[in-house]
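Shown next, in structure tokens, is the structure this report addresses.
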Amino acid sequence: VKDINKDPHILPNITLGFHLYDSYSDALMTYRTTLDLLFKLHKIVPNYICGTEKKIVGIIGGMSPETSLRMAEILQLFKIPQISYGSFQLVATDESRFPPFYRMAPNEALQYEGLVQLLLYFGWKWVGFVIADDKHGEHFIQIMEPKLSQNKICSEFTERVDRNFHFYHPSYMIDRCLRHITLFTEKTANAVIIHGENIVFMWLASVLLVSPFYGPTTFDTSQEVDIQNFHGAISFSITKKEFPGFQQYIHAVTLSGANQDGFIKDFWNQAFSCSIPNKDAPEDGECTGEERLEDLLAPFFETSLLSHSYSIYNAVYAVAQALHAAHTIRTHQKVQKDMDQIQSKAIEAWQVRFPLSWSPFKIFSIVKTEFQDIKTLWIFVGVLEAGFDIVNLVTFPNNSYINIPVGEIDPRAPPGKNFRIHPDKIQWHHEFTQLPPVSLCNDPCPLGKMKNKIEGQKFCCYACAQCPEKMISRQIDMEYCDRCPEDQFPNQAHDECILKTKNFLSFEEPLGITLVSLALLFSFFTALVFTIFIKQRDTPIVKANNRNLTYLQLISLFLCFLCSLLFIGHPNKAACLLRQTTFGIIFTTAISSILAKTITVIVAFLASKPGSLFHKWVGQKLAYSVIWFCSFIQIDICIGWLSTSPPFPHLDMETLFGEIIVECHEGSITMFYCALGYMGLLALSSFTVAFLARKLPDTFNEAKFITFSMLVFCSVWLTFVPTYLSTKGKYMVAVEIFSILSSSAGLLGCIFIPKIYIIIWRPELNTRDHLIHKK
């Protein structure tokens, strides 16, 4: 006010005055003092002359919603504008009821957003509420609960405190305190949100067992209040700007200079614990007048500019600027028109309106407007962009404290960057063993686990379940586990995906080397036998067993051993197309040659009888016809297989855990078993025919050896089917290769080893004389 009255640019030739009334932080007392202000203006502050009429043009007051609205109920009847310096959220019905109600502080809704951001930043998902038991406390809960739920934050409890708690009987207060102590000790939330007027919650200083992070920023001046339990509390204060000379002005206040100021006397009495001197009745412990405000500790008097003081400072300037605008427009109109009535008639309070919204630290931008009829004067002061500072309450053993800025909420910042905090500057309550503190219903689910809802509990309380097979969680407290890509699998802890190894029978591994060695060895033996038979082609034992069919049979077995190599190595399209069909056709040719040889022997024996009809079937044509016919059927099956659903390379991601089976998919399983079944049918036919011909009187009769070889063949492939179906990956391929090698080796050994034995070790039996003698 002094600055305004000294400023020649604001309200020249007009002096502002003011009256101070104590609201006692109580709605009822505020109601009464407002009436006193309107109807009992006996005095004004000394050194200020406000004129004879003592007109009230505006009232600055109300830090809380209760006190502000009690004032507004009266002031709106007289259309006197009221400017509140408190930051709070009005209920919708209150906003409509009190149109001349303005605020010089940012809306509390910004605090709600900042509060949620603060909870999310520190990961506090389990909180408690302590609110005033009134409609504003309920309004706060109604706003906050949905916001918390949207951000997956739960409230463990909501404790309502009677705003007149401190006026109750001591026995009732003790009972209530014990109840609250029990509440706080039984609850698990380490984060407690306190919302309401400071005076309502002062008793919490002796009850609260853990430090709240959202609490009061100023305390009562009573030295009986112990604020140690509020150490580490985090709160929001209106962003302010320091004014030069403010602290010097405060420090200059003395008791001797405020003889007629009852507020200063009362304050001096409480702050310095001394009595005001009385000349008529001197007492011990009187104030000396030498006391200095800068010596007081922070709980009793804060000499720096507080956020509410900053709002009051701006409110006074807003009123002054509004009045200045009104007088400026009146003067401008008087110059244009001779309106003596306007000059003589004073401006009424209802004619001044403050659509108050401003940019921080620059609130005066007057828009001059021409009025034809002066009924209402407006001051437009920009858009409200003031934010909040996030402050940390740090207490000291002597019961003093300081508020340290640790962050801010800036509504002008880009979305997502309006909340800033510096956790390294925060001092936490000494009760916390983990820093920053944790406030959760239960320990977070570790990596590799996911949340599992507990019936009947809030969603913030949950059990932890292991991620299912083939799924992982890379973060703590995952709602669901993520599936690994097809070419990866989870590790044992289910927190990372590992690249699967490829599973196929390679030439480099021991199993592959063993099978390749066996195939080459048997191929070598087959070639050796074939070479021996070529050299001994004119001997009786070779001629007697149909030399040409024997050659065909050996060539087929040789190719059978070699075609097993198509099953080894990384499968590709060509290998997949050739491996099964090549083996099927070649092996069919081998079995067909055996069948043809056996049929030739039977037909030759039957044709030896006089008048036999089989005489015309004797010869090479029958054998070749049998081989061609049997092989042609298998060729048709393979052509149909390749035409309709050919084999192809396939990656099996699912069958083996941690491995990708690189295989040749058979395409059509039906055609695969048709080809295999047809070979089995030929083998069974050869076995039957050879068994019937085993006792025919023929030199070097192979029927017995063929019977035994077919028995080996059938045993191998009957065993192959269940073994093949029960194995996976490269071992399935190895089973098929082993079946090919063992069945082919069975034919080679059972049919040709006896002949090789005679040719090499018993050549005397391989002569024409021995053949004639045997006959």
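Even glycines carry a Cβ here, placed using N, Cα and C.
Any TrEMBL annotation is an automated prediction that lacks curation.
These figures come from a predicted structure and were not determined experimentally.
The annotation domain 'G-protein coupled receptors family 3 profile' is assigned in TrEMBL to 511-775.
The annotation transmembrane segment is assigned in TrEMBL to 511-534 (among others). For the transmembrane segment (511-534), the residues of the chain that approach it from at least six positions outside its boundaries are 505, 542, 547, 550-551, 554-555, 557-558, 561-562, 564-565, 568, 730, 734, 737-738, 741, 744-745, 748, 752, 755-756, 759-760, judged by C-beta separation under 8 angstroms.
Annotated transmembrane segment per TrEMBL: 554-571 (among others), in sequence order. Long-range contacts of the transmembrane segment (554-571) within the same chain, counting only residues at least 6 positions beyond its ends with a Cβ under 8 Å from a Cβ of the stretch, are 502, 504-507, 512, 515-516, 519-520, 522-523, 526-527, 529-530, 533, 578-579, 582-583, 586-587, 589-590, 593, 649-650, 662-664, 733, 736-737, 740-741, 744, 747-748, 752.
The transmembrane segment annotation in TrEMBL covers 583-607 (among others). Tertiary neighbourhood of the transmembrane segment (583-607): same-chain residues 545-546, 549-550, 552-553, 556-557, 559-560, 563-564, 566, 614-615, 617-618, 622-624, 626-627, 630-631, 634-635, 637-638, 675-676, 678-679, 682-683, 685-686, 689-690, 692-693, 696-698, 701-703, 706, 709-710, 713, 740, 743-744, 747, 751, selected by CB-CB distance under 8 Å and a gap of 6+ residues from either end.
As annotated by TrEMBL, transmembrane segment applies to 622-643 (among others). Distant neighbours of the transmembrane segment (622-643): 546, 549, 552, 577, 581, 584-585, 588-589, 591-593, 595-597, 599-600, 603, 667-668, 671-672, 674-675, 678-679, 682; these residues of the same chain sit at least 6 beyond its ends, with a Cβ under 8 Å from one of its Cβ atoms.
For the transmembrane segment (670-693), same-chain residues at least 6 beyond its ends with a Cβ under 8 Å from one of its own Cβ atoms are 580-581, 584, 587-588, 591-592, 594-595, 598-599, 601-602, 605, 630, 633-634, 637-638, 640-641, 644-645, 701-704, 706-707, 710-711, 713-714, 717. Sequence annotations record features per position, and here TrEMBL assigns transmembrane segment to 670-693 (among others).
If you look up TrEMBL, you'll see 705-725 (among others) marked as transmembrane segment. Distant neighbours of the transmembrane segment (705-725): 591, 594, 597-598, 676, 679-680, 683-684, 686-687, 690-691, 694, 732, 735-736, 739, 742-743, 746-747, 749-751, 754; these residues of the same chain sit at least 6 beyond its ends, with a Cβ under 8 Å from one of its Cβ atoms.
The annotation transmembrane segment is assigned in TrEMBL to 731-753 (among others).
Taken as a whole, the domain 'G-protein coupled receptors family 3 profile' (511-775) shows an average pLDDT of 84 in this prediction.
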